[in-house]
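J.: Take this structure, written in structure tokens, and hold onto it; I'll ask about it next.
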């Protein structure tokens, strides 16, 4: 049995030694390969360093290139040093492996002969296990070091390739600069300056294109982030509204008891209180989600009155943070609603009326004597006690002007396609329907938009649209002075577009069109009188059109006619008068054209007026808007809030 155990031990030791020998041979081969590869890389690096130094010495005139070469050389040297360090680590590892193998070979005979047989039976397995563990540990460390060496070799190869690429780029750059230098040296000084300017322009153009591309990417990213922000804000608002609704439902019994007590004692002072957590729900209900038809059957400008009553209570309890939050959130919410409905005339008119009414309330109840002259005694008792909101009044005034401009823009966009067809092409006088100017008798007659002509409108369609605008503003409670300014601005737009087309179209410059134009203008004057808008100064904007229509109808032959035309057409410039006379077209062959001598007499006649330099009228001209102070006769304590608005969380104080 002992001999059998010894034979098995010797066999295991022999197999182990054979495996160690094979591993050592493999390591030697691997090491030799790595050493040869390192020598080759080192040789390439030396050649590359030599070529770089030679080229750098050839181009000593360029300091910038010399610095670039020095940087590359320093990088190469650092890579070389790191490679030498790795090589030393490999040699140290190899020495350790060889020394370990020699120690094991020397220990094996001693272990076989020094101890008794029974003792060797106990220690031989233990020594072999320790040796195997040490061997496996060395193998693992060897593999780890090999992997590290391969990684470093790959990194070194990548760095070397990158350096080669940089050298090629620098070489190309040097060649280009040498070509440019040789080319510029052959040019004259003037041509050299011009060439350098062109090169700089080309460089700046390329930089500009790169910056534009970067800006486009940033804008795209900004739009994406804004979209995500809107989504998150909407989720947050919904969450706040749901929490506010839950809080309101929890506190509802106490709220109803408080309101009941106040109504019973008839002690309502025209103020509204709300809890802080209900503020988001207040703006969402009263501003963001409200539609004009929701409050059409109530007091005009009801949202403005409700907001002011909330402001009064915050002033009453001397809560400056609540006042600031109320006014700031109100202004921001109105801006968001108008931005969302920037093409809706009804919504724009609704918030113009409410914003201006809130502004009037801040003035009426400010406590300033200038705004208290028309107040009742009860209204004077409701004036603000603790805060001066003059700065917020200015902000609301600016906001009202912005809403007014948006309202004009929306209305002009609606009536713009209707103007030419309604004012110059529609045949509202039946007796003139068959009268056509020479050369234009085959033109089809205009049709109302309702009768199948999709691109044509009659005068009645235009007047109906103006009536809808007026009725909407009146129903929303907009001040009559502001309504008049809106009508005046729209009349100016209609007149400017009409006159500009008259000055550019020969087919509408005739006696019959003058009659038609005068009739259409008189219909608009009648509309102004029927709607009590004579005070709006809108009729004054009709003068150029009226005078142009009269110019088409009067005699245009003698010197006395020229004098009459000059005195009659005071709202038209000489340039416009001459243009209409040149475009004037006879009705038939029996009517004479305006003579050149007559037109020349108009031009040479001394004028005592300041004519504008341009021929056409400015269709985008905006008259200055004014918001006159208009106090309200409504008593705040009598205001009723309908339950349909969903504002039952407000507490009457």
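Glycine too: its Cβ is placed from the backbone N, Cα and C atoms.
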J.: From the ranges 104-128, 129-153, 154-178, grab the one TrEMBL calls region 'Disordered'.
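T.: Result: 104-128 is the stretch TrEMBL calls region 'Disordered'.
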J.: By a Cβ-Cβ criterion of under 8 Å, what residues six or more beyond either terminus of the compositional bias 'Basic and acidic residues' (30-41) are in contact with it?
T.: 83, 87, 90, 94, 146, 149, 153, 156-157, 160
J.: Go ahead and report the DSSP secondary structure tallies for the compositional bias 'Basic and acidic residues' (30-41): helix first, then strand, then coil.
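T.: Secondary-structure composition of the compositional bias 'Basic and acidic residues' (30-41): 12 helix, 0 strand, 0 coil.
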